[in-house]
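Undergrad: Sharing a structure, written as structure tokens. Questions coming.
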Ligand code: GLA
């Protein structure tokens, strides 16, 4: 039975290691790997992620020798294996045999092999080949003692258009709508003469001359997401049948990929795992780590999860056309951030930097410079340190890893909807709105969960909705019930303006929330980018504003005379409505950082939610993790000054008792076992 078997992940120690590609290296290098893995206390290797052509060089002709040997060798060395199915990269022979299974871009260009992810998830030949290689691997390695986790595929995310997808899309639509009449009505195809008289005319979103139909765009994204879920589900079924003791995962690329609905994908697997790469080599990168970790923990239902990939240093910043370097000490601080927020391991892409190949200048645990390097020394020191901290990843006896009273609503549908064309402003985008809220809360010292709009909202005291354009009647009712029962709800501008089909709710924008918010939004007033508004309370906002009338709510802050001429100075900008036993707040504009922070602090204080980390303003991240029957206080000093925090217990990194105050050097990390019952004051 795998150590992760059963309903809850149980890890014996902090998983530490990375993607390992023994098929690329000579015997001499493999021998050195054994030695270096021991030095760095590597205990986990992810094997086989893109190895299809090495495993099956010709159709149906397998070559398992290298993998047999690798698994045996790793096992003998005490390294557990996360074994991947290689389905993210079919070999060249697959293209030769199944040209129709290649992905087609929206402009009709059919792609070919030569990179990775060249397959159409809707193509029967691809699906059949993926099932077959999964079955072959599960049969052969499903009970190998080294294998502790199935890593199914890699970063699902392929989207394809073209004739093969058209067929699958039509089937999906037929199931959803039943009749063409229903589809025509829901998509309002009378607009621009798009009325369909035959299912064969419905296309999987090819490039169009001008704006496409937004409801079609949203449905295509939902369809593509369901397709990827089906691909995952069929691999899960196969390995559960042939390898029932080994749990399953697939690595989500967070937080920038939205090709599927993470809530739905998480339902299919046993262990949530994520890949995470910093978006900023400056201080903002730390908030990004917390953001990805809070998402991962939430997708895992509050339970432990696995960091499948982070980088040791250089990684592409695709927007800027260059690679970013991690400063000394950052790998360690980031790793403790992930661990504090629920990760039971920290793996890296990749163990050894390749000599050539598409990502040849990407960083690794063993860089091109070899083991005599800053990066390897940092990694080895970290591995040795983590080897002494097994207790921090013990699964909590009473459920959730972190306590959070505040939740932010995260929805694939809302993200896709906000990205459909013809929105009134680029500033209604989903991800920036959600990140702004999370960042403000991180800076205020609040630990935050994410929830689906379909989740049980009652697990949190405060639910924040930064951006949620499509809202169904059922969801609308559940938000109102949450407030009536005593919850605090905050809704961001533009949310709830359509139903789930992206059909505008008439009679005032934000219709899905209008009742609970006690407001009537008569007009949207997008602003030119860079416009700054000063509200009556001095807070600054911009980008977006609205003509709001009160229908029972009270005004918290109003627009002033710098508002757009259609908004009368003094009219409501920020409101609060008592509803049942709770309160519903509305922001009809987008605040700058200070404004958002001030308003969120006010609302959370009003809801009685005190920040868990009172040292946040000093650049200290303090997060409490439940482990076994104990709690561990992680104190991560991101600042360039030593910082003092209040703590009582036993500090694990230095092995010292803490009886009131803990001094943490600039850039350093401490972990305090707090639970007196577990012997807080003793090693
Ligand atoms: C992803 C992939 C890896 C690698 C890294 C590079 O996360 O899973 O194979 O390409 O990105 O940063």
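Glycine too: its Cβ is placed from the backbone N, Cα and C atoms.
Since the structure is predicted, the reported quantities are computational estimates derived from the model, not experimental observations.
Pasting the feature list from TrEMBL:
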type	residues	note
DOMAIN	19-387	domain 'Glycoside hydrolase family 42 N-terminal'
ACT_SITE	155	active site, proton donor
ACT_SITE	309	active site, nucleophile
DOMAIN	404-606	domain 'Beta-galactosidase trimerisation'
DOMAIN	619-674	domain 'Beta-galactosidase C-terminal'
Undergrad: List the Cα distance (Å, whole number) between the residue listed as 'active site, proton donor' and the residue listed as 'active site, nucleophile'.
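TA: Counting only the Cα atoms, the answer is 11 Å.
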Undergrad: For the active-site residues 155, 309, which Cβ has the most other Cβ atoms within 10 Å, all shown protein chains included?
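TA: Counting Cβ neighbours within 10 Å, the top one is 309.
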Undergrad: Where does the residue listed as 'active site, proton donor' sit in DSSP terms: helix, strand, or coil?
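TA: Going by the DSSP assignment, the residue listed as 'active site, proton donor' belongs to neither helix nor strand, so it counts as coil.
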Undergrad: Which residue counts does DSSP give the domain 'Beta-galactosidase C-terminal' (619-674) for helix, strand and coil?
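TA: Helix/strand/coil tally for the domain 'Beta-galactosidase C-terminal' (619-674): 0 helix, 39 strand, 17 coil.
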Undergrad: Could you find out if DSSP has residue 309 (active site, nucleophile) as helix, strand or coil?
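TA: Going by the DSSP assignment, residue 309 (active site, nucleophile) falls within a strand, counted as strand.
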